């Protein structure tokens, strides 16, 4: 088995271009989609009510990075949203606000959180000013207090978020990175697993069976090589984004690398299952792109499943490995879940892997592929 692995690695060194090309394409897709999503978002807004609160709120909102708030009339705002020129709009009142959205977009929770925080801060300042006024302290002096505290705080605060079951967090960089990495590795693994079928048809396995190498060792060497190659591709992509583009893995980069193992195993098993079903390599080459793209679309690799409202699509996603791969990676990073909370998707991927592997090997042996 060691000799087979050594031979596979020598072939990779001799012809590394398919592996490198897939890795580079994955890097490009993940980088450019994450950058396009990370650009500044323009949010049109209008004010209602005659108080000074909306003005104070906007002073807070203008300090927000990556979001530009553009003032316009209520009618123009409605036209912008209804015509699709803007995905959402904001109406600021004295005591509350309204978000107008044409669809359930990923930016809505983010904007809602930012605006709510600004209203809470302004309300707190008003309460302090009211108490100070009762003591005969002017508003200008109170504003000076706030400025001094902001410039030289007495202590620092660590901000965390409590989320209910209906809330979710969207990180466009990690969504793109995880999604395209899990998508492109399907091609890398599948086409390497398919070499088993090609080698059998060329009679290579018949000649090797005459040697001391056992059949299970031949299967193990091929599948282990495909696993190592797929894992190495994702590892390389993640290392580039971690240390060159400085993507935030929320302090769990090591756990991300460990939790990739169940997903890569499931894809290796799925590839051997598909190999056992098809009759020719031409059929395999036609099936794999369809399967990979379909799984990426339904499994949340291209967009978060949280914005999908169709119960049918959600139900289909439950039988797709990418769904659980994304759930694991986003759970340990963006959602800050503990290891106990992600045992379920890990278990599902391991179960899928065992089932696909057993069925695939059985099909290949019965059909003498």
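Just so it is clear, glycine is given a Cβ too, placed from its N, Cα and C backbone atoms.
Please treat TrEMBL annotations as automatic predictions, because they have not gone through curation.
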Given 143-164, 253-274, which one carries TrEMBL's transmembrane segment label?
253-274
Pick from 286-305, 306-325: which range has transmembrane segment per TrEMBL?
286-305
Counting only residues at least 6 beyond its ends, the same-chain positions whose CB falls under 8 A of a CB in the transmembrane segment (219-241) are 1, 4-5, 8-9, 12, 19, 22-23, 26-27, 30-31, 173, 177, 181-182, 184-185, 188-189, 192-193, 195-196, 247, 253, 256-257, 260-261, 264-265, 267-268, 271-272, 357, 361
Quick tally over 177-198, 253-274, 342-364 of CB pairs under 8 Å to the transmembrane segment (286-305) gives the top stretch as 177-198
